[in-house]
């Protein structure tokens, strides 16, 4: 069985584009849950460009599934997570100029800082995952932090148009997933996955959960949120046979 985490950031982006109260990402989360989402992912960025604390507070109190809060290792957001104690937090790198998260955490390069954040979140009864590139060096460092989960960055696989390069990137993801599993880590994956490329990743047996946002919200513009979520979940389950 493979789980689907639906990222609702882009619903909030649409709301913030006009400074209105709608569309409400909280409502989108409820629709996604009813359509088969196993978790709801939201990124509370330091600059609060889309998801805001109000969203996280309501989601943490009302979701029937799980809230996976994406966040940088930044003091203000860490305090929010400690206070609200969502089911899961995924630590990600963050730069103000980026449109979306552009790569995995350099866990090995900032091991003590990330380890401290993991310990603080664990003390708040939050399960921590680390968003990392499919690199054995980073996976070994992730294990040293005490985080029980890693999320493999699938962006290079998803964004390349070259067939040979895509196959190579998929091989790296598969190898990394196997290695992380051998270390005792739960393996999730995400970034750039859509309705055309998701099945090859969903078929990797070591991967437990995929987090997908932009493709689902974009598809929802034409077919509605419930259908968009159900379509993605169906593709994932088909890939697992």
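Each residue, glycine too, has its Cβ placed from N, Cα and C.
What Swiss-Prot says about this protein:
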ACT_SITE  43  active site, proton acceptor
ACT_SITE  70  active site, proton acceptor
ACT_SITE  191  active site, proton donor
BINDING   7, 18, 192, 213, 214  3-amino-2-oxopropyl phosphate binding site
BINDING   9, 10, 45, 50, 100  1-deoxy-D-xylulose 5-phosphate binding site
SITE      151  site 'Transition state stabilizer'
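Sequence features annotated in Swiss-Prot and their locations in the structure.
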residue : record                                      : contacts (Cβ under 8 Å, 6+ apart)
7       : 3-amino-2-oxopropyl phosphate binding site  : 40, 41, 42, 43, 70, 190, 211, 212, 213, 214, 216
9       : 1-deoxy-D-xylulose 5-phosphate binding site : 25, 41, 42, 43, 50, 51, 213
45      : 1-deoxy-D-xylulose 5-phosphate binding site : 51, 72, 94
151     : site 'Transition state stabilizer'          : 90, 129, 130, 131, 132, 188, 189, 190, 211
192     : 3-amino-2-oxopropyl phosphate binding site  : 154, 155, 157, 158, 159, 214
Within 10 Å, the Cβ with the most other Cβ atoms among the binding-site residues 10, 18 is that of 10
Taking the residues 7, 18, 192, 213, 214, which the record names as binding 3-amino-2-oxopropyl phosphate, find the longest CA to CA distance and state it in Å to the nearest whole number.
-> 25
Those recorded positions listed as 43, 50, and which of them has the most Cβ atoms within 10 Å of its own Cβ | 43
What is the total of other Cβ atoms whose distance to the Cβ of residue 70 (active site, proton acceptor) is within 10 Å?
-> 27
Of 191, 214 (the recorded positions), the residue whose Cβ has the fewest other Cβ atoms within 10 Å | 214
Quick one: give me the count of other CB atoms within 10 A of the CB of residue 213 (3-amino-2-oxopropyl phosphate binding site).
-> 23
Helix, strand or coil at residue 7 (3-amino-2-oxopropyl phosphate binding site) [DSSP, three-state] | strand
How many whole Å apart are the CA atoms of the residue listed as 'active site, proton donor' and residue 10 (1-deoxy-D-xylulose 5-phosphate binding site)?
-> 13
Coarse DSSP state, helix versus strand versus coil, of residue 43 (active site, proton acceptor) | strand
Alpha-carbon distance [residue 18 (3-amino-2-oxopropyl phosphate binding site); residue 10 (1-deoxy-D-xylulose 5-phosphate binding site)] in Å | 13
Under DSSP, is residue 70 (active site, proton acceptor) helix, strand or coil?
-> strand
According to DSSP, does residue 151 (site 'Transition state stabilizer') fall in a helix, a strand, or coil?
-> strand
